[in-house]
Amino acid sequence: LAGGIILGVALWLRHDSQTTNILYLQLGDKQAPNTFYVGIYILIAVGAVMMFVGFLGCYGAIQESQCLLGTFFTCLVILFACEVAAGIWGFVNKDQIAKDVKQFYDQAFQQALMAEADTGNNAKAVVKTFHETLDCCGPDSATEVIASLWRDDLCSKKDSFLKNPLEFSNCHKKIDELFSGKLYLIGIAAIVVAVIMIFEMILSMVLCCGIRNSSVY
């Protein structure tokens, strides 16, 4: 059940419309940075393997098989090590992921400002996708935000800005919020799985020892 929950959360994060709209973008020959998906793929793998390993442990407990329970324990140790490694990787790269996406957006934004209407560059389409998906306009520079607001082909949020200029968000802020929120969910899921795994390892060893002691008599 825990494996199924983790798998479900990971698949939801993988197919979330905001992240997929942004991370599938392509600026000329350059693909949007999708390092974010590494952590999600690890969660998907852990969830799927947990479901299989859970069945193995359940069957081993029913059959009172020391071999199956020992295998179950070994698989849990390997999964736990993988998850700790993934957690360390996520903690180290959490700021870099948002930074890479912001650099990709800034590059597209600069190209879109300089692009002519008849050019084949898709920078305008990339920038508009960011603006529409995240409900924002422009990078963190006030000058660039104002420049994008008066370009209807880049941003259609002029009226919103004039009504509530203090509440208006630039795209750098929205990108930070998007990925910090998603990485927060991944972190919670990883911690929950780690706690469950610790209890599973303890209980499987207790059961295995109980079976071994009972077989003596």
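Glycine is treated like the rest: Cβ placed from N, Cα and C.
Bear in mind that TrEMBL entries carry predicted annotations, made automatically and left uncurated.
Annotated transmembrane segment per TrEMBL: 36-62, 68-92, 183-207, in sequence order. Sequence annotations record features per position, and here TrEMBL assigns disulfide bond to Cys136-Cys171, Cys137-Cys155.
Around Cys171 (disulfide bond), the C-beta neighbours below 8 angstroms that are at least 6 residues distant in the chain are Lys102, Tyr105, Phe130, His131, Leu134, Cys136, Cys137, Gly138, Pro139.
If you count neighbouring Cβ atoms within 10 Å for each of the disulfide-bonded residues Cys136, Cys137, Cys155, the highest count belongs to Cys137. Cβ atoms under 8 Å from those of the transmembrane segment (68-92) belong to residues 38-39, 42-43, 46, 49-50, 53, 56-57, 59-61, 183, 186-187, 190, 193-194, 197-198, 200-201, 204-205, 207-208, 211 of the same chain, restricted to positions at least 6 beyond its ends.
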